[in-house]
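Taken from TrEMBL, the feature domain 'Carbohydrate kinase PfkB' covers 4-208, 256-314.
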Amino acid sequence: MQKEKIITFGELMMRLSPENNERFTQAHSYEAVYGGGEANTAVSLSNFGVDVDYVTKLPCHPIGQSAVNSLRQYGVGINSIVRGGDQIGIYFLEKKTSQRPTNVIYNRAGSAFALAKESDFDWDKIFEGATWFHFSGITPAISDEMAKITLIACKKAKELGLTISCDLNYRSKLWSSEKACEVMTEICKYVDVCIANEDDAIGIFSMDPSKAENVEKNAYIAGELTKMFPNFKCVASVWREERTITTFKLQSMIYKDGKAYYSKEYFMNILDYIGAGDAYCAGIIYSFINDYDTQKAVEFANAASCLKHTVSGDFNLVTAEEVNKLAFSKAGNEVSR
């Protein structure tokens with residue numbers, strides 16, 4: 001049996017956040033960490049013990065090397081990272097505090113990844129020995145060239161027999177609904193496992209969850225997506241609901257073969273929610289490559305996402321054992337001695 005090897009593809013960025021939950025307008029110092037949707041998923045998978053390589057393009061200077069090192073320290077394969085260009089993408093994050101929402105400002109135009117060309121990536125070589133390809137809707141949103149590159153990668157992955165997963169991850173600051181629909185409609189024809197929430201379905205495909213009758217809205221959205229794309233073997237979704245100023249509810253669902261499988265609910269306080277969706281993607285991939293049944297898969301993925309809310313930074317620094325303990329053990333919240 002072929003050993004599972006995962007390839008993830010996207011932009012690794014530097015995240016700068018004002019210290020002490022300050023606003024941008026009052027900050028004098030910023031905390032710097034690295035992250036990016038597919039990089040976050042890769043780190044999670046590596047922490048779970050999975051063989052995973054990350055594909056991106058980064059400058060060949062000390063900041064670019066620092067970004068590479070942030071992945072290497074967690075065992076993520078870096079041999080497919082292309083070096084070149086002048087800038088690394090940056091995003092500024094003003095963290096949510098009480099009633100004040102999160103605010104994100106991107107500074108990624110002109111980054112090495114945004115200016116990458118089709119010729120930078122040898123997909124035959126990248127996919128050698130691989131079994132799964134994962135990316136998000138953020139990647140093709142970065143540039144017209146990157147949309148083209150993502151489609152080429154999907155076609156090659158499909159040709160080589162890889163399973164393909166995509167987190168739709170709509171970002172209105174990166175592209176319009178019309179452009180997203182045009183690009184993602186073509187790309188999604190090659191996807192096997194789709195991760196999407198209500199905002200993605202509305203933002204990209206203009207779905208109207210209010211049309212759901214006698215069915216929970218996430219199941220309705222998943223059902224509509226599988227009608228649009230019969231190639232989807234399943235649709236997974238995770239959502240977070242604010243219950244009080246400090247307490248949130250987390251739950252997720254996998255829709256497969258016309259049936260919705262729901263996880264249990266977690267009520268939690270949040271330290272850092274950035275990367276929680278990426279942790280969920282890692283949980284989905286890990287579950288499927290380990291042949292978890294659908295109910296077990298949704299519980300594992302939901303627990304992985306829950307734990308990310310307790311870890312600062314973009315990366316979910318937990319093990320598969322810790323996720324399994326939370327998901328399936330009554331002793332999940334007890335002191336580990």
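Backbone N, Cα and C define each Cβ position, glycine as well.
In the domain 'Carbohydrate kinase PfkB' (256-314), helix, strand and coil residues by DSSP number 29 helix, 8 strand, 22 coil. Across the domain 'Carbohydrate kinase PfkB' (4-208), mean pLDDT in this model comes to 97.
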